[in-house]
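Contents: one structure, followed by commentary.
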């Protein structure tokens, strides 16, 4: 059986009050429309078509790696009109098409699979997704036959007294036999107060043709649409709970999961402990037995097993197993830190490689450098990597001891097994096995304060 999907992503999203199309706003690190696309893919649906309109180029840019096709809806004349705009996608296809909305990011791949299975096994012409809610005010009601089939969808304003008591509501997501849908679209009109073409009318047309219409009931959170920043926040809360629950089931400890923020594509190994206030973003991979103390942010990075991070920021970098980072360290993009290293408080590392067992304990800046293993950086060391025009490189070998308050003026090389005296400004290569001293000789002028009249008596 051939299955495909159409995702409606042309809405203007006026209530978002944004220059961006609504569907590219993110929920837990991923655009809403990409949540829908990815879950459709997980349900083994290969052919996906996006109906786009406002901000179409922006939507294309955010979905360009998703292998989807596009249909253009120049004017937004209703959901039915949006599907009409995708007729070319459906042309010459036979099978089943599901229709989803790009602003409902909480739909799961399990529900999508259930929708197709229910529709195809029951040989329905149309199947819709519904939900039961305590307060259905404002929603279209699902009215069923005694057999359980869907009889009709009635908009709230058109409900009679009995229909108002119904708490099963329409989600705006459907499954259709493609041939039935295309035939029904030919009979769709915009004879209503808004002058729009409604997809709900296709259900009525299908029913009048004598075809079966079914419905599956899912939790309300799965059909939640996002039309405002408030609803975006509500969707974020639901998604975050799902994400954190998944990690806890997989063996991750959260001290307070309500105040831990993890993007949907993050992977975390078992026996890792996460304290409140941590933010883990992008495609970060955290291995087992790590400890992330409060107020740490990690984005698009790989963290080895047994790493401890405390009150620090790690961006687009790799941290080797057994390393400790922080408190208050800043690991900038393109940094690779080896195993069992120590990156301490108020240390900033940018676009550098740090070897195994190297200690950079406090108040140090390292940029555009290659640092070997078992090195020690004293407090206040600065790699002076910028000459006013471009960044220069510093190379430090293994077992180098860098004294406190040292400036390494790039480009410069410090070879293996070297010492640099505290307070030095290094501008030339330091040979292997040597001690480098680059500071002025101390001069003591005895009696100077008394001569200047500065000595307090």
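Glycine is no exception: its Cβ is also placed from the backbone N, Cα and C atoms.
As the structure is a computational prediction, the values presented were derived from the model and not from experiment.
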Further acetyl-CoA ligand in Swiss-Prot, beside 385, 386, 439, within candidate set 341, 422: 422
Identify, among the recorded positions 22, 332, 362, 439, the residue whose Cβ has the fewest other Cβ atoms within 10 Å in this structure. 439
Please compute the mean pLDDT of the model over the region 'N-acetyltransferase' (251-457). 97
In three-state DSSP terms, the structure that residue 170 (UDP-N-acetyl-alpha-D-glucosamine binding site) belongs to: strand
Measuring CA to CA, name the entry from the binding-site residues 22, 103, 332 that ends up nearest residue 439 (acetyl-CoA binding site). 332
Using a 10 Å radius around each Cβ and all protein chains in view, which of these binding-site residues has the most neighbours: 365, 386? 365
Would you mind pulling the longest C-alpha to C-alpha span across 385, 386, 422, 439, which the record has binding acetyl-CoA, in angstrom? 22
